[in-house]
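One structure is given here, and the rest of the page talks about it.
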Amino acid sequence: MWSPEREAEAPAGGDPAGLLPPEWEEDEERMSFLFSAFKRSREVNSTDWDSKMGFWAPLVLSHSRRQGVVRLRLRDLQEAFQRKGSVPLGLATVLQDLLRRGELQRESDFMASVDSSWISWGVGVFLLKPLKWTLSNMLGDNKVPAEEVLVAMELLKEKAEEVYRLYQNSPLSSHPVVALSELSTLCAGSCPDERTFYLVLLQLQKEKRVTVLEQNGEKIVKFARGPHAKVSPVNDVDVGVYQLMQSEQLLSRKVESLSQEAERCKEEARRACRAGKKQLALRSLKAKQRTEKRIEALHAKLDTVQGILDRIYASQTDQMVFNAYQAGVGALKLSMKDVTVEKAESLVDQIQELCDTQDEVSQTLAGGVTNGLDFDSEELEKELDILLQDTTKEPLDLPENSPETFYTNSVPNPRISDAELEAELEKLSLSEGGLGPSSKSPKRQLEPTL
């Protein structure tokens, strides 16, 4: 259980190496300025004020996020941000500014803002402010005491979302009602202390995602069904199901204990037989049989309880499916509100009529309009016959394609004998070999003999 004395003894964790800004170790002049106190008012030097605030405010929140805590104290921050024996003198001003902006909130104020009747002095969480803090606020002194606990609201919201996801992914989510002690055990790794756990529950209650009720001296928590749904108040069905779940757990623990007792009786009978103590062995076996009969009776009760729970879970699933069907029918009715069979038939007739009209227009445009140029087909046939007759009277003089053709149709094509060609070829051969006319003389142009 948390207490101020135990909390005062807890050491404050320093900021891990390598996570501080670069100037922390490199720029002595800059750090000397940042560790100095703020001016009394921002109007004195707004540039220096904003520079310090822009450095410390994000660092305070990021340090808390890395430590996994949502509760801050000025004393812890001063110890965490010590540098070469010096303590930042302006941290109190930084916390005051964060309080003014709503990023921090006093723990007592946050608890009082939520309907937290289930939190009492018995759990050691709800603590009244010391008298000096109350008097200082009444007198207008907004200084933050070194021991006052502040809550980082953004970090608290993140932690509440983490706890809700943790519950949704656990076997406890089979039913929306769970014992507070079981939920606390589930969240032990996420919430470092009991106070943080209760702050998270208060935040979830503020978001209307959980509700807490005390039943027969034990607190139970009911979760909302979905991540975006609002939790409903705890009703008789929830309480009945919770009691059945508790009975199931109790019967299961009793069966396990009796099974161990039966095994112990069996081992005692075995040892008695080895020692030759027959009567002792028989008594142990009788005790084992009586224990096994009790186990069978408990198993029957456990099966009954589990059967009832299974039916309840099935009915809840059926109810969800029924609600989904009902919502679907309602949506379908709305979407088909203005649609009838008569309207659909009329619409189809209109579409068919428009399609027929479009086909008629297309046919008219394709074959009916020639811009006044209408020709007689018989006259065209007569003119074509006259052209054909003129063509047969004047045959075309087309050249013959023969292998002896050396020129185009515009040049005469005289025939040359083979003897003339051989003589001309011999003259060319002699000329190329140097026995004929000089190569400097103009080459005689070969002309075909007519």
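Positions of Cβ are set from backbone N, Cα and C atoms, glycine also.
According to TrEMBL, the protein carries these features:
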REGION    1-22  region 'Disordered'
COMPBIAS  10-22  compositional bias 'Low complexity'
DOMAIN    156-224  domain 'CHMP7 winged helix'
COILED    248-275  coiled coil
REGION    391-415  region 'Disordered'
COMPBIAS  402-412  compositional bias 'Polar residues'
REGION    427-450  region 'Disordered'
COMPBIAS  430-440  compositional bias 'Low complexity'
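Same-chain residues lying 6+ beyond the ends of the coiled coil (248-275) with a Cβ under 8 Å from its Cβ atoms: 281-282, 284-285, 287-288, 291-292, 294-295, 298-299, 301-302, 305-306, 309. If you average pLDDT over the domain 'CHMP7 winged helix' (156-224) in this model, you get 87. Helix, strand and coil content of the domain 'CHMP7 winged helix' (156-224), in residues and according to DSSP, is 37 helix, 15 strand, 17 coil.
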